[in-house]
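Chemist: Below: one structure in structure tokens.
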């Protein structure tokens, strides 16, 4: 849900400076999640709205524009550890966006005014994928790279060579760099997510994220299995293929054997552009691949040169972004769930509808204020959109369709899980259960503690946590480390192998660095980033527990609100006792990332899993050595695992690694690699 922006004319200089700084940070964080982690935090239209607001403010207050502002840099990912850097011979620019036909008309008028005449345009579908540059020398594919930050990308040559639609040899022995989009066809995306769910893995949010995550793999075998495809649409060296227009370039690309999208169209009027947009707005779901808009390009290449570009975008092209796709549905119920911090969140349960290629029947209503502001009632007909193919959201209530006897929805006053009275804390919009013994909160806290981004205890998901709670085998996070084999074997569907795997994952989690433990404790307002910043500063959990609000708030990126939350947490008797019990269990409470890591190490940046019994030392020692050399040691095998080190009696993890095509080493191979690294690194 977008905030109401203050009109620019009503802003003081100080207010503008503060809002610009906030927007720059927010958009940077969104960009990191989208480009680097392939896990977007918000829908595209929300990002676009914040970005447009930042552009407007920076235009009005140029003294606050900074070199690292998202408006001054090409969107893209930083280079992933383990992938070589590639310097682009010419910058890989982003496209400017417009979101209405009126804005597109304004762009056309500016372009016409600059050129002095009405230009011919080439229209292309905006493929929802990952930008890539392909370099051919004498007709042979020698390098492929991602956009990265626009100047430096990642070398993904080996991965791209597994994509069948990209030729390794052109039909002519020419030397050229071309650019295009790697995407995942809808059918491949559906198959991949079905398999991931069967394997107990989290499905990808959308085909774009799946394509990005698949291309940026260190394990080429994984990329090959993902069935990616590509379209080529640009070269910075048109003379190499003897063309003078964008449409001519597409024809030459096809003649060279390169994959091109054949839906492009050369037009001359805005009416033609409107018709093209209308045509593919209605047809987008029938295409075999995802599109999120239409790209309008000046067709004559010499006119493109005349128009030039800014530091970030070309002036000769613009992307029209499709509005969020909408569907009509009926709200049948409103359910309330309790989170780990006690926040009670409403969710609308609706008649299932097809939206952006998936079936949707639930949408978060966020908090009581949101629910009241929209006046959503059971039985209402509502519009539903899923912009960016990510988060379903109710748009508006169709009041004309509301049943005559439809009553205002009553906000609950008691917790749906423990039936304690709900409260509104000062300054919060959330409805909250403050009962520390609420079973729903305890379940969510334990599930969070074991989650991948916290202590990463593989095999301890919501179902297992629920079983353990019902059996009274665990009560808090410390009790996880007191679990016994006999207890686990008494649970439904637990066999000897699964028990061994879970106990092994619990043991492995003891060696995690402090920031994971701090995040796993589930302190209100302390996310993964804040946990890392605090851990870096104080080094030990006890030092954090002893710190004052002023000490913690002095950390860049940590405000007084977060600092107060941390101090209040560690003042409680329960937290003090928990620290003692975690220490007694042997859980590391020290920040481990002060080791100076050699970024040239083979292990740097790789996700590695250890399994089985090691003869030349313990798994804990091996884990510490790998972490000191920049590896991320995890407890479970997934498609993102780079290497499995298998000792004696390796079990299901080895089977899964082989099934996923993950590289597997025995202990001797690991020892030899350690020797090559040198003991002084």
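Cβ atoms are placed via backbone N, Cα and C, with glycine included.
Relevant sequence annotations retrieved from Swiss-Prot are reproduced here:
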| type | residues | note |
| --- | --- | --- |
| ACT_SITE | 126 | active site, N6-AMP-lysine intermediate |
| BINDING | 44, 45, 46, 47, 48, 94, 95, 124, 147, 181, 297, 321 | NAD(+) binding site |
| BINDING | 415, 418, 433, 438 | Zn(2+) binding site |
| DOMAIN | 598-681 | domain 'BRCT' |
Chemist: Of the binding-site residues 46, 48, 415, 418, which one has its Cα closest to the Cα of residue 126 (active site, N6-AMP-lysine intermediate)?
Modeler: 48
Chemist: Helix, strand or coil for residue 418 (Zn(2+) binding site)? Use DSSP.
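Modeler: DSSP call for residue 418 (Zn(2+) binding site): coil, neither helix nor strand.
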Chemist: On average, what pLDDT score does this prediction assign to the domain 'BRCT' (598-681)?
Modeler: 79
Chemist: What is the total of other Cβ atoms whose distance to the Cβ of residue 95 (NAD(+) binding site) is within 10 Å?
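Modeler: Looking across every protein chain shown, the total is 19.
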Chemist: Identify all same-chain residues not among 415, 418, 433, 438 whose C-beta atom falls within 8 angstroms of the centroid of the Zn(2+) site's C-beta atoms; report them in sequence order.
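Modeler: Along the chain, the qualifying residues are 338, 342, 344, 416, 417, 419, 420, 422, 435, 439, 440, 441.
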Chemist: Based on Cβ atoms within 10 Å, give me the single least packed residue among the binding-site residues 46, 415, 418, 438.
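Modeler: Each of the binding-site residues 46, 415, 418, 438 was scored by Cβ atoms within 10 Å; lowest is 418.
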Chemist: Compare the C-alpha of residue 438 (Zn(2+) binding site) with the C-alpha of each of the binding-site residues 46, 48, 147, and give the closest one.
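Modeler: Comparing Cα positions, the candidate nearest residue 438 (Zn(2+) binding site) turns out to be 46.
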Chemist: Taking Cα atoms as reference points, which of the binding-site residues 46, 48, 95, 147, 297 is nearest to residue 418 (Zn(2+) binding site)?
Modeler: 46
Chemist: Tell me, by DSSP, whether residue 48 (NAD(+) binding site) is helix, strand or coil?
Modeler: helix
Chemist: Inside 10 Å of the Cβ of residue 48 (NAD(+) binding site), count up the other Cβ atoms and send me the figure.
Modeler: 17
Chemist: Counting each residue once, how many in the domain 'BRCT' (598-681) are helix, strand and coil under DSSP?
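Modeler: Each residue of the domain 'BRCT' (598-681) counted once, the result is 30 helix, 18 strand, 36 coil.
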Chemist: What's the CA-CA gap between residue 48 (NAD(+) binding site) and residue 433 (Zn(2+) binding site) in angstrom, rounded?
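Modeler: Distance between the two Cα atoms comes out at 35 Å.
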Chemist: Please name the residue among the recorded positions 126, 147 whose C-beta has the most neighbouring C-beta atoms within 10 angstroms.
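Modeler: That would be 147, with the most Cβ atoms nearby.
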